[in-house]
Amino acid sequence: MNKSFKSFPSPDLLCGRPDRESSYYPHFMLLIFCIIFVSGMLRVILKNYEPAILTILSLLGLGIGLLGREFKQMQLLIHPLITTNNYIFLNTFIPIMIFMAALEMDFYILKHMFWQILITGAISIVVAFFLIGYIVIKFNQYKWDIQSSLLFSITLGIADPLQSVNPLKNTGVSKILIDIIRGESLISCGFSIVILGSFRNFGKWNLPLKGEYLGLSGIVAVIVLGILLDSLSFRPGIDVTISKFLVMLSFSCQSFIFTFIGIVIGCEDIRQLDFHSFIFTILLFITVNVTRIITILLVSPMLLHSCCEFSWKWGIVMLWSSIKGSFNLILSPDIPNLHEEKVPLPQMYPIFVLAVSILSMIINSYMMIHTSMTLDLCAISLPRQMSMQNAILHIQEVLDNAIILSKTENILTNIIWSTVEDKTKIECPTVMLGDFPLENLDLPPTDEVLMEEARLHVTIIQMSSFETQYKEGSLSESAARVLIGASKSFGTVQGKFMSIYDVSSYVKTRSWLMNLKKLLVFLTFNKDKIHFLPSGKSKFRCFIYDIVFSDEFQYTGYIVTLLYIYPMTIHLWPALRDFYVIGLIIVNYYYILLSIIEATLKIIIMKNKYFHHSWNHLEFYIIIFGLIDIIFIHLIRQKPRDIVLIQCSVILGYLRIIRFFRIFKMMLPLLIYLTEEQIKKHLSLMYCITKGYIQSQEDTKLLIKQISTRESIFQKLYEILDMNMNDAVKELGLLEHECREVVIALKTKQAIRNVLGKALKNLRFLWSRGIIDKTEGSKMNKLFLAKIKSLNNFPMTIPPPTPEKFLHNIVWLENKDVLIEFFKEKAQLACFDYGEVICKEGDMPQGIYLIISGMSSLNGSLLHFGIHPKLREKANLSKTYTEYITSGDIIGELSCLLKREMGYTATCETTLQACFISLEDLYESLDVFWSFLEEKMWLNVALNIANQYIKAGIMGEELTYQKYLEENNVYMENLSIYSELSIYDNTMQYVLIVFGSVNNVATEEPYFAPSLIPPTCFQIQGTSDINKLLIVRKEDDSLQNECLEKECFDSRKPTNVTRNLASQSPLLKKSTMLGLKSFSKKPSL
């Protein structure tokens, strides 16, 4: 280390001043802590206004430097700074600030506009190099030579990537504009560091770091690392902490740089500053902005052509974005050090750079904000304002509902509710659109404008859903990255809603992997012994047969080929070939002889079928070329001066390389295995991507009412999302049919991950409440985390279960051995081809079909949910019904319960296998196992409907709803026509109408299935023939109701068969838990 520092120069400026004072005490650490404390206090007082903070710190450093010239105690304080080489500070601060700037960039914006940003940065540094260099050479009076002037122009011409975008961060300006400015600044900084590094390494100094000549590899590595890192790169919750730490660290670096430069300037002789210095500083500042104007004029046509959002307004904002800062200051002390001779007045370089940096930070920052606001780049668009108001109204509605529910609690009766309502009321702010408030606009926006704004909201909601799924563990990191990347890529396309086919094209097709596997399988040597089995009469052929089809025979050929590598290497090396001519010829004879023997033995057994295999063709060609090669070698001995023979012999010598192609045959099984693994990984990725996409569509459907309240926009959005989700469900079913083993493994792995995640969550809850000791909780936490980590080695494929085991997947059988054995005797295996119709709409049901493998589409003309025909017009039901179902789903369950016609036509989208239970056998089971089996079937149908259609009605309380379902706080209630029922007493949390329709007795307001009955309704009356209510009990009453049910159940004194059922776990619990997973609209989810 010390030896390397001896090669550093010792200039008289910063980082290399001659050591005139010695300091043996850590005074410099006191200076470091003082700078951190002062910068922190200034940040609090000035409210993060960095131009003023950094200016004050530079003035503080200037004062410390001036005191250091006069007092020895201050010299001891700043002594380490003055005697440290600037190269150390350069390599300490630059990587941190570059990494921070790159970390804030959006990878997908950079990927989309990489060449435009690169060209803009290159043009910026070239224009600054010539224009600022010319001004410095022409007007400075400090006797700077051309090299110093040009290096100064490069240092002053770059824009600070941190300060250039700081003014626009919280103004609402487009992220694309911010990233263009930041990316251009990073490019210009990279070019400048490379140029200065080239002078440092190839100029006067000869540093020991010979490997990194230009410093380019380190810069590129830091930038690439910062760009590739995002929120998915860190554990959930850690990304926020890391971001705050990096922001604090980068600001500390800037504070140190400005303070250190101020100290160095104060330590130098500044008496040379005069009026000319002031004029020259103003001239430099004007030149910097003129340089920026020229750069924007040159690149504007390119940006207009490549970026649809770029406009002249963006160009004006970019005119003021050339803000100087820490990057310029940290490079400025190196300018005189890069010169071979001593430069007069070297302190003027950092003085002018500091002055221009302060001017640009104050003036350019203000102008960027002012022009952005003046040009309405910060104004929120009208559709976005309407969306914000919709969200505010929705929040106010949630607050009002919470107040209404709280009023019913006895413990809160003495509260002054008028004060609560007044304090919780949210006023809709008057958001300005340019100069016109939203309330005063007479012309509402068109549907096209609102639809485009809604599309952007949908994209944001989908990306948020992908991140949430990843943090919850239901989506892998690779799948989340692909989905987020595709969303950002297609989100910039106007009017484009991302479909699952767009995502598939974004990931690229897997056809080349399948074709590669087919090629490898085709090349595999088929050792089918039966076709070549000789008759028992010929002992010689039997002996040859045993030899040819033995593993030893195959591996002997491989060993001979591998041994031939050494003589082949000598043959291709001219310097050695002349010494071993005779040996190489003899080895060639032996190799051809062994090849002929091998081919002869195979021909004896295989006869004319020998040439039916591609590898035998290769062996035959090797023999032919080898014999021709031997003939040409013999002819050359007869005519050694024949040029044609010599050239042919040389070509044939190089063709001996084809003899090593046989090694590829030995590697075929391994290559096939690796290809299959890659195919499985790709299929797993596509399945996870499709599943995550479907979940994002569901999450978006819950929020489309908050996106836009206009009915036409809402309807269009719903249709688009529904169509995209149906396409994704269909694609998911096809993937499941194509790779059943992979999908089963993924589902099993995800189920294990969900169970472990819930257990870990419950453990942490008990730990936080003190129920579990800290030591025990820590051990159990490590145990669960180790189990979750072990899932990384989970097998990629699991064989599918047999058809008999699929009966265990019927939820209402509850995995009871008695019920399963009963249906196992009655069930039949049904097989259907692609396009075959399983059942038709309007036909009476023949039974239920439990799908074992394959996919079916359900298409119906009307999904009426049991609503009375006279009331269906008021219910606004969908005219068509389409759904895709796959393995584990049941067809015809509801029609069998109702004994009514099928409401849809089931058509096979692939070849399909199903377990068929006839209607007679189903009703026989209902008679044998009482009516509770029918209740279980109805409960699962109700849960299916509730999770498909009513979840949006409880938006904001999904976790509570899910919690009640998991805790078995749910039951069914039947209500006949004209009958009345009291609801929402102290035991009911939610009341959902899942089949039929009811009226509010007090207001006559109708509620049609499927919907959530609001808590303000306390008495309902049935208006359809069959009305089914799904009631979710409150948590406090669940245990009491379970005890009452158990008492009633025991009072019936069941038979031996039913007593076995009663002895098992609660009937509703498993039905509820599995009903959410196996009977959702997307069963594979």
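Even glycines carry a Cβ here, placed using N, Cα and C.
Per TrEMBL, the features are as follows:
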- 27-46: transmembrane segment (TRANSMEM)
- 52-68: transmembrane segment (TRANSMEM)
- 88-109: transmembrane segment (TRANSMEM)
- 115-137: transmembrane segment (TRANSMEM)
- 214-233: transmembrane segment (TRANSMEM)
- 245-266: transmembrane segment (TRANSMEM)
- 278-299: transmembrane segment (TRANSMEM)
- 351-369: transmembrane segment (TRANSMEM)
- 555-573: transmembrane segment (TRANSMEM)
- 579-597: transmembrane segment (TRANSMEM)
- 618-637: transmembrane segment (TRANSMEM)
- 832-907: domain 'Cyclic nucleotide-binding' (DOMAIN)
- Where else in the chain does the transmembrane segment (555-573) make close Cβ contacts, counting only residues six or more beyond its ends and a cut-off under 8 Å? 580, 583-584, 587-588, 591, 594, 598, 653-654, 656-657, 659-660, 662-663, 666
- Who are the chain neighbours of the transmembrane segment (351-369) in space, where the CB to CB distance is under 8 Å and they lie at least 6 residues beyond its ends? 50-52, 54-55, 58, 152, 155-156, 160, 163, 166-168, 171, 258, 261-262, 265, 270, 273, 277, 280-281, 284-285, 288-289, 317, 320-325, 328-329, 332
- In the same chain, which residue numbers or ranges, 6 or more beyond the ends of the transmembrane segment (52-68), come under 8 angstroms Cβ to Cβ? 31, 35, 38-39, 42-43, 46, 74-75, 77-78, 254-255, 258-268, 325, 354, 358, 361-362
- If we call contact 3 or more Cβ pairs under 8 Å (sequence gap 6 or more), are the transmembrane segment (214-233) and the transmembrane segment (579-597) touching? no
- Task: Give residue numbers and ranges for long-range contacts of the transmembrane segment (618-637): same chain, 6 or more residues beyond its ends, CB-CB under 8 A.
- Result: 585, 588-589, 591-592, 595-596, 598-599, 611, 645-646, 648-649, 652-653, 655-656, 658-659, 661-662
- Note on the structure: Other same-chain positions with a Cβ less than 8 Å from the transmembrane segment (278-299) and lying at least 6 residues past its termini are 116, 119-120, 123-124, 127-128, 131-132, 135-136, 139-141, 156-157, 315, 318-322, 324, 352, 355-356, 359-360, 363-364
- Secondary structure tally of the domain 'Cyclic nucleotide-binding' (832-907) (DSSP, helix then strand then coil): 13 helix, 26 strand, 37 coil
